[in-house]
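Note sheet for the following structure.
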Amino acid sequence: MNNGKVRIYELSKELNLDNKDVLAVCDRLEIPYKSYSSTLSEEQVVQVRQVLAGAAPSEPVAAASAADSPKAERKQEIVSVRRPTPQAAGGAKPEIVGRPTASEKPQAERPNIVAPPRRPAAANEPAKAPIKPARPEKSAEKPEIVTPRPPAPAASAEPAKSPSRPAPAATPRPVAETKKPKPAAAELLRKPEIVRRSEAKPERTSEAPTPRPKIERRPEQTGPARPQLGQPVAGNGVSKPAKPVKPIELVAPPSRPKVAASASGVPAAASRVLPNKPQKPTAPGGPELKQRPKPAAPASGEDLAATVDVFQPVPPLELRRPTAPARPARPRKGWEEEEDERAAANRKAGNKAAAKAKRRQLIQDDDDDDLLTAEQELAAADALNLAMSLARPSKPKVPQAKPAVAVMPTKGRKPRRESARERQHRRRMEREQKPVRPELISLRSSMTVQELAQLMVVPETDIIKSLFFKGIAATVTQSLDVATIEQVAEEFGILVEQETEESGARKTTQMVEDADAESLQTLPPVVTAMGHVDHGKTTLLDAIRKTRVAAGEAGGITQHIGAYHVDVEHNGDQHQIVFLDTPGHEAFTAMRARGARVTDIAILVVAADDGVRPQTLEAISHAKAAEVPLIVAINKCDKEEAQPDRVKQELTEYGLVPEEWGGETVMVPVSAIKGENIDQLLEMILLVTEVEELVANPDRAARGTVIEAHLDKARGPVATLLVQNGTLRVGDVLVAGSVLGKVRAMVDDRGDRVEAATPSFAVEVLGLGDVPAAGDEFEVYSDEKSARAVATSRADEQRQSRLQQAMASRRVSLGTVSAQAQEGELKELNLILKADVQGSVEAILGSLEQLPQKQVQVRVLLAAPGEITETDVDLAAASGAVIVGFNTTLASGAKRAADEAGVDVRDYDIIYKLLEDIQAAMEGLLEPELVEEPLGQVEVRAVFSIGRGAVAGCYVQSGKAIRNCNIRVRRGSNLVYTGTLDSLKRMKEDVKEVNSGYECGIGLDSFSAWQEGDIIETYRMVTKRRTLEV
């Protein structure tokens, strides 16, 4: 007060009020504030005190009304609309209109919806009248409230709050006050009384939203006039004072407004009062209405009448609540009434009566039926007892009784049906009990919980429970790795053995059937060149074909299977040989396996200067699995460092003994570049062919294998097919794997179109519906209908297998949960892979599986042959994937779309580089780790005391010392101190670093216990890129 400023909480403390009461008054007076710690000026404090004392603040209110005259006029209109009848009683009170408008401004701003309903019901004068009474009441109440300051402010403050929330709250109060003095003065007619009640009711209904506890204070201290204003508020809150009359008035408005509307002819006001009333009863509930009648006795006659009106609507509310439990009773009475109706109906119609009697008999029979178990009888008796006890209260809903009675017979009949089902169930159980739990199961790879349960003859829930106790939350469709399966199987006493995977080179289908025996003819051999990368396979085939295919291969390595036809002259006859050139890179294992499976003779190419390498051993295993004869071509014999004998020696270790050493393997030293011994190699191939007696039936429908497939931008799906039996012609309907197609054109290895392809003939086929998988077998069908059926069934099988593979990718192992808990969420690298041919896609996917994926998992969202399209870009943008292209191109618009979406598109033509970049990207997702990098070693040779500390005179023995680097001080074998090198000087000058062989002074802020001979190790922490852990 001395400084001219007072904080709101200080004023409330001085007046012994709550902060919220003072804030409500500030809202009413439009005094700006942020919180209860805001300050008020002296003028504002005077205004607040006047309001709390019960007097209308004349100066501030007048100023507000003058400043905001347009707004006040608007509110006057709204208020007048509210009350039509009361205004007639108090038409001449326009003097104080300005003041109420100022206080009502906030109210009108907040609830715009409440204001409109008041307008229609009121006239121009009533608007002013309601506003006037609000202030006169306060002035009249001043003397009463002045003595007890604390309660009075509460009463006034709370009304202020109510206007802030809903606009109607402020207007109703003045209306009640204005009308109260008028009826007391002279009006004795019953109509005016009704008008008073209706007016009071709108006040309370509008004030219903106002704070409840604040109004309780008003009734206690103020006279009868005040309690009426505060009554609506008290009704909302829990009122302890003995003035329930106020709440009663609040409840009464619903019934009275209706009467007032009918009597006065103003339906609008009544309709608006009704919507406001339902809001109040919902909040306080029924109990509040009960409490109000008790204090109603001391109230005046008018109040008693109001209370009586209020209580009439209340009882229906109480009855509605208990009706819910009374529902069960209704069916009881309804059942009895139904029996009476049925008896009457039986007398009139004999047929109907007989039918109903039968039904009743059935019900009785069911009750007495021996099939009912003791538990069912008890349950039925309990249900009847409950129905009896609950049936007494009400009888309105008769139809519900029928379903209740009908349920009883159904329960009785169920046992009979269940008996038949029980028999069926028993039979099923007997059948299911036949399979015995195996003692040993064999596994090839991971499998789902459902598959494991079927294999072990164990309920799926038991397996899931077992996994749960191991800390693995698995579902029925989740895939388990072999280690987890072994542990689960051990719990059930079942041994697990892993099957050796069958080689992909094994020939699973016999192309020549018994029916072809009569039409067999000799066919050209299919020769596959296999061996390690860069050992000269393609160069050797070029030498045989006298072409230069290797020069066109990216990186000089073969990345597809190439099929070539070569005409060779032997003993004066022309012989045809089909060569398949397989990739030697480790990623192309599947291609080499396919090449071995379709081949008749395998040529193992080994470099004389390199010897046996990993892919050489793999090629040997493929040839043995395919059970095909093997010819070894020792290439690069023209080099100085060539050692053919050493190569022969290495091959003997793997069961390939040369003929000259007494074995059965043909070995020919050749030089692909110089063309040495090429004729000898071809002669050996033809000799082996004669021994093998290769035959086929060219007169039947073609069968064979898909060597390679890709999607051509112009020609669509293109597949390289090797016909192994029969003849393939243009127009034939064929199924390759799950792909249906009709041969539209065939092109040989030289680019010439052909009309028919005989056995051992490799051609490119156009006209397939989709790109088949490399390695799939194809067969020609006579009609398209049967071919389509086969293709559809295979497509369904492939879809199911893909789903299982997708589930397997979310592999669950015993270490998964703990690893994810330690590392956080498992990081993933999303890829979209597009390659030129299907074989390349397989090779890349196989190589990606070999990458360590403990910390970062590779998710291939799409892997398909063909060019990179805008659809691929959209998928990558939505999933945050990187598009990897291998020997492919971008479709028109794909590059622009990728630039706009910010998608990373990488194109490769060498698989080495592709795999290296993907591994680098996986490592880039890992958080870098801090690694200690040693800088040097420093020896302390002297100690100088400076003030309270000491400086070490040192000599840099090795490396260097850098200011602010990390150091360790060692004394003998003990670590004395670890910290940071704070000060580094040379010749009394600060330096950043001192190199080896120089002296320097070192000072530390937190260490000074130097001794001569101490060794200081200098190092720094650097971030190092983490590598993938195997």
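Here the Cβ of each residue, glycine as well, is placed from N, Cα and C on the backbone.
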Looking at 41-45, 556-560, 751-755, which stretch does Swiss-Prot describe as region 'G2'?
556-560
363-370, 531-538 - the one Swiss-Prot records as region 'G1':
531-538
When Swiss-Prot marks a stretch as region 'G3', which of 501-504, 581-584, 697-700, 797-800 is it?
581-584
Including all protein chains shown, what's the count of other C-beta atoms within 10 A of the C-beta of ASP534 (GTP binding site)?
18
Structural state census, the region 'G1' (531-538) (DSSP three-state):
2 helix, 1 strand, 5 coil
For the binding-site residues GLY531, CYS637, which Cβ has the most other Cβ atoms within 10 Å, all shown protein chains included?
GLY531
For the region 'G4' (635-638), DSSP counts of helix, strand and coil?
0 helix, 1 strand, 3 coil
How many other Cβ atoms are found within 10 Å of the Cβ atom of LYS537 (GTP binding site), counting all protein chains shown?
29
